[in-house]
Number of protein chains: 2
Amino acid sequence: MEAETTTYTFGPHKIDRSLVFYSTPLSFAMVNLRPVLPGHVLVCSRREVKRFVDLSADETCDLWLTAKEVCGRLERYHEASSLTFTIQDGPQAGQRVPHVHIHILPRKSGDFENNDEIYEAINEKEKELKEKLDLDKERKDRTSEEMAREADEYRALFL
Amino acid sequence: MEAETTTYTFGPHKIDRSLVFYSTPLSFAMVNLRPVLPGHVLVCSRREVKRFVDLSADETCDLWLTAKEVCGRLERYHEASSLTFTIQDGPQAGQRVPHVHIHILPRKSGDFENNDEIYEAINEKEKELKEKLDLDKERKDRTSEEMAREADEYRALFL
């Protein structure tokens, strides 16, 4: 998919390419350190851009074409029937990592008792993620191996 | 902006063009019958498409370039500092009107005591909207005139 030398960053954080399961020259899709639901992934711009409006037209199109490329496969793989797409664009919208990213979540009937709790869960997890990453602590909900294994599964969906 | 004969539809519903404040050949932005926050608008594909994955590449790009065109102006106009973008893609994600649409909401510090209540509010309003539209009742939170006035204000942002 990408050259050995390719690097990915998410805000101030370096992302190991074993966690990236799909990429283009302008965007990449990665598994999530603390997913809210099975298949909860992030689609990010390659360039570190804080706000959605700062993406170029090419980056905007590529980001969402990447999301479209990814979302149907994830929905089928997780036997879901709907999807939630969200950009929390800026701190007052719940954005914790200042780098444009789409949350994609495969949804099923009854996955959250109250359908809207999912957003609360996203924010809570993203907050934890930032704390984790900022503090550079080693505590994790998932191991790198577990995450890389999930990325392998998703990478296979594109073969 | 558009020819007198231009018509807009949102799922099964005809949308009066006085409510549309920005449009392209593939997308349009309209004010909301029951906004959750000031400046809560919808960006819709012109073609009636239920699921995001069913948009063409051109429609996908145009939808999000339209959102980008609109969002900065709305944020400034409402003196907000962040934005929430959400697609509820399918019924299990809270979609009530089966036509791809982006919710855009200007966000400010403290606009919702719990930041995530906004999603609950979106779903609740969209549910009410569907009930209203489905039942074709005349009860409305806002009058057509009020909505058209808001659309006029937003249209002026593009002059």
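Glycine is treated like the rest: Cβ placed from N, Cα and C.
Same-site candidate for substrate binding, as annotated by TrEMBL with B:N32, B:Q88, B:G94, B:Q95, B:R96, B:V97, B:H103, chosen from B:H13, B:H78: B:H13. In sequence order, the binding-site residues near chain A, meaning those of B:N32, B:Q95, B:R96 whose CB lies under 8 Å from a CB of that chain, are B:Q95. Each of the binding-site residues B:H13, B:R96, B:H103 was ranked by the number of other C-beta atoms within 10 Å, and first place falls to B:H103. For the recorded positions given as B:N32, B:Q88, B:G94, B:V97, B:H101, the lowest number of other CB atoms within 10 Å of the residue's CB is seen at B:V97. Maximum C-alpha to C-alpha distance over the listed substrate-binding residues B:H13, B:N32, B:Q88, B:G94, B:Q95, B:R96, B:V97, B:H103 is 18 Å.
Distance between Cα atoms for B:R96 (substrate binding site) and B:Y119 (site 'Important for induction of apoptosis'): 14 Å, as a whole number. Straight-line distance linking the Cα atoms of B:H103 (substrate binding site) and B:Y119 (site 'Important for induction of apoptosis'), rounded to a whole number, equals 10 Å.
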